[in-house]
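Feature annotations, reproduced from Swiss-Prot:
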- 175-364: domain 'ABC transmembrane type-1' (DOMAIN)
- 44-64: transmembrane segment (TRANSMEM)
- 117-137: transmembrane segment (TRANSMEM)
- 144-164: transmembrane segment (TRANSMEM)
- 179-199: transmembrane segment (TRANSMEM)
- 220-240: transmembrane segment (TRANSMEM)
- 250-270: transmembrane segment (TRANSMEM)
- 319-339: transmembrane segment (TRANSMEM)
- 347-367: transmembrane segment (TRANSMEM)
Amino acid sequence: MSVADKPFVRTSILAAEPPPPGERGAVAWIRRNLLATPKDVILTILALALIAWAVPHLVNWLFIQAVWSGPDRTFCATTLQGGIQPDGWSGACWAFISAKYDQFIFGRYPLGERWRPAIVGILFILLLVPMLIPSAPRKGLNAILLFAVLPVIAFWLLHGGFGLEVVETPLWGGLMVTLVLSFVGIAVSLPVGILLALGRRSRMPVIRMLCVTFIEVIRGVPLITVLFMASVMLPLFLPTGWNVDKLLRALIGVSIFTSAYMAEVIRGGLQAIPKGQFEGADSLGLGYWQKTRLIIMPQAIKLVIPSIVNTFIGTFKDTSLVTIIGMFDLLGIVKLNFSDANWASAVTPITGLIFAGFIFWLFCFGMSRYSGFMERHLDTGHKR
């Protein structure tokens with residue numbers, strides 16, 4: 001047998017070759033994403049021109065020409081407006097934010113009692129951070145403390161009683177109200193939404209009809225209407241002398257509205273589960289609730305994590321609508337302070353809205369990034 005007729009047997013593994021020079025690095029990314037076609041080149045040039053024009057103006061207005069400290073509006077107004085700045089001046093009035101910062105966070109909460117919401121915030125962070133870390137131990141205990149124990153402690157600290165001065169909810173406001181509304185809405189909407197989604201897929205006609213009616217009615221009206229009904233119409237159906245706290249009405253309205261949307265998100269995840277998963281669970285002899293808890297629901301939630309977090313983000317932003325029922329969240333308390341004569345100037349409203357927008361963006365961006373992290377962490381599917 002000649003050498004040419006012998007079968008080839010590899011005795012060593014060749015080292016991996018690096019990719020071609022033009023396929024990696026920043027230059028390759030720019031060529032592939034920004035300069036791939038003539039249309040991309042034109043759009044890139046226009047975008048760079050817009051950035052080159054806007055960024056210096058924004059930096060100048062937000063930082064260089066900005067007023068960082070001052071006792072009143074005169075530091076944020078020109079001489080023609082009764083201030084000390086030269087005519088033609090324009091810049092952010094961060095002194096307004098600095099002077100009203102405590103009110104933006106706590107609303108009209110009594111100054112001497114603001115240590116109470118501060119403690120609630122610290123407890124919330126201490127319980128939330130381990131909950132967000134996938135590898136953290138004792139998740140069950142952590143969840144009980146966060147969603148069952150903390151609300152009781154928070155209500156006692158924020159509202160008062162049992163030795164603490166009572167602070168009525170009309171005095172609450174600012175970021176504190178935004179976080180309370182969004183946390184309760186999110187914490188209630190997920191389990192209620194799961195039950196509604198399961199009820200809508202139920203084989204029992206009465207339960208299915210009730211869930212479908214609830215979901216479609218709530219989804220068919222705007223949140224403003226739900227809040228108005230909860231605030232104005234709900235007391236009309238209560239016995240004489242009964243009075244439901246305004247904040248509680250808002251919490252009920254936000255929770256109901258978010259639950260209806262969450263139910264449709266969860267239902268979409270349930271419909272995406274292959275039929276074989278249901279049949280496999282049945283073949284193991286699992287009951288309905290065992291099958292749902294152990295096999296079906298974990299997969300459904302994993303599939304719709306982006307939509308769930310998107311609903312959470314929408315809930316956080318929708319809390320600003322409570323101003324129509326006389327409550328002042330972060331945005332509402334910022335806008336309320338525009339009428340303060342001591343800080344009335346042309347740049348005060350713009351600065352206040354930028355501050356509120358940045359706070360909202362910070363929370364929403366954090367939720368979005370965590371959603372992406374959880375998607376990657378739970379991406380256990382088999383890909384070809």
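Glycine is no exception: its Cβ is also placed from the backbone N, Cα and C atoms.
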With an 8 Å cut-off on Cβ pairs and a sequence gap of 6 or more, do the transmembrane segment (179-199) and the transmembrane segment (250-270) reach 3 or more such pairs? yes
For the transmembrane segment (347-367), distant same-chain residues with Cβ under 8 A (at least six beyond the ends): 62, 73, 76, 90-94, 96-97, 104, 175, 309, 312-313, 316-317, 330-331, 334-335, 337-338
Given a Cβ distance threshold of under 8 angstroms, which distant residues of the chain, six or more beyond its ends, lie next to the transmembrane segment (117-137)? 106, 109, 143, 145-146, 150, 153-154, 157-158, 176, 179, 183, 370, 374, 377
